[in-house]
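Trainee: The following block contains the structure, expressed as structure tokens.
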Amino acid sequence: MKKRILSMLVFAIPMLTFAQELTIDEKIEEKFKPFADVVSSVVFYPISIVGIDVPIVVILLLSGALFFTLYFKFSNITLLGVAIRATNGKYDDVDHNSVDEMAGDPTPGGNIFETVKADDVIGEVTHFQALTAALSATVGLGNIAGVAVAIAIGGPGATIWMILAGFLGMSTKLVEATLGVKYREVGEDGKIYGGPMYYLKKGLKEKNLAGLGKVLAVLYAVFVIGGSFGGGNMFQANQAAAQFKQLFDIESGFIFGLVMATLVGVVIIGGIKRIGRVTEKIVPFMAIMFVGASIIILAMNFSIIPEAMGQIWDGAFKQTSVVGGLIGVMIVGFQRAAFSNEAGVGSASIAHAAVKTKFPASEGIVASIGPFVDTVIICSMTALVIVVTNLRSNLFTYGNLDSKSNVLLNATNQPINGVDLTSVAFDSAIPNFSILLTVAVILFAFSSMLSWSYYGIQGWTYLFGKGKLADITYKALFLGFVVIGASSTLGSVIEFSDAMIFAMVFPNIIGLLLLAPKVKVELARYLNAIGHKKKK
């Protein structure tokens, strides 16, 4: 293990040196910005709806989520109880028994062509560990910063539509996680390889679309690698370092980046098993800490909660909404939810593919909890706190944007970003909350990097093979980018990688729509197995 860590550091040294040369930032920004702008404009190409530009990728995510919700007869709601019980291990004996014995037709790791056969239970993590690994990639800065900006711009009513989009996204997560397990592969060392690359290639081949499947799989692998280095790494490190530097009034983020890279390296060298063991502890702690603080603030302002709820309800359905009327506030809420829970991006299916089960749909049902926790619970709690504290302290005016830069302005017409807005909102009720927020931001960033490192390496090994050299090379690059992200302000690079994450939607949604009938079969098989257990 020491040799592997040393090898990774040797690979990373040139990148660490590069990170110290902060003047290079401007050169990279100048050269890379035109290319990044083109890619971003394509991925986020907008359609104007009631005067508001809505990216096509958001429309694709939401229309796909609505289709899956109807196609699976609102299983996102009807199976929520099953999802919770499966996550808690109630159906582990079903998951680990013979599929043939429990439901009549073996599928995962058995008769799916090109999938390695395994007689025993295959997988590396439990349902709960897989769920927390996936959640750690989505529960993060979007919940802290993105929601605050969405509410400030779209008004309180955006909360309702954000919650609705979260419920719809649960159906998409069910589909992609089920396929992730169904078409996963098992290496000779027992490691699991899964995700959209595999179900696009193998699933579409079953439908006589082998050529299309291969192309989409390669595109997805490229996109997930780019996303893992940027949005899943540099952006996270950059925001965590910025919060840390602001709190302690220091200038350089280089040392912070080194420490963060070391901590990340210690975890990711152990693969998904170690990532799962870490995230199953961090994610509940983060969620409890953030939701707990929210509950305290709401309890302190209990008397004005009815007025806040009234603003949220009226803002959601009245034509007098802040931005673009009723349709405008719907769009703002839907867009924030789509960007927050990543349902349809496909990344979560990579983590869920590693679960210990013989029933693909068992993990699909568990995965559907992700958008519920991320959007329905955490994002809505953030939104309610923002609305309540703004009622009490008048922190900003809804829809108050700078006419030139389109940046949100506070009550004194000074520019304010999402993290600062959340910090001010919480600080107004809990003194020195900024310290707790800094801890939350760092933990959110750290856990996101862990999961995205696993997503990226799955794409990397799909393209370059599953050997040790490929593994070490990717992890060394990933750790180097942690330091660069914390030390630099490579805006265009980060924007480009953000576009790469949402470029993953296009090949993934195509695969999900074409393979949805396969998921319906798997879902019926698992529910039949549960019913068989209950009859015993």
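From the backbone N, Cα and C atoms, a Cβ is placed for every residue, glycine too.
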Trainee: May I ask you to indicate which of 143-164, 209-230 is given in TrEMBL as transmembrane segment?
Mentor: 209-230
Trainee: Determine which recorded stretch among 43-72, 282-304, 365-388, 500-516 has the most C-beta pairs below 8 angstroms with the transmembrane segment (209-230).
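Mentor: Selected stretch: 500-516, with the most Cβ pairs under 8 Å.
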Trainee: Tally Cβ pairs under 8 Å between the transmembrane segment (433-455) and each listed stretch (43-72, 250-270, 282-304, 365-388, 500-516), then give the stretch with the top tally.
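Mentor: Looking only at 43-72, 250-270, 282-304, 365-388, 500-516, the most contacts with the transmembrane segment (433-455) come from 282-304.
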Trainee: The transmembrane segment (365-388): which same-chain residues, six or more beyond its ends, come within Cβ distance under 8 Å?
Mentor: 75-76, 79-80, 82-84, 86-87, 127, 130-131, 134-135, 138-139, 142-144, 147-148, 150-152, 156, 158-159, 162-163, 165-167, 169-174, 176-178, 287, 290-291, 294-295, 297-298, 301, 304-305, 308, 311-312, 336-337, 340-341, 343, 348-349, 352, 355, 421-422, 425-426, 523, 526
Trainee: Near the transmembrane segment (43-72), which residues from the same chain, at least 6 beyond its ends, have a CB less than 8 A from one of its CBs?
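Mentor: Apart from its flanks, the transmembrane segment (43-72) reaches 165, 167-172, 174-175, 323-325, 327-328, 331, 334-335, 338-339, 343-344, 499-500, 502-503, 505-506, 509, 512-513, 516, 519-520, 523.
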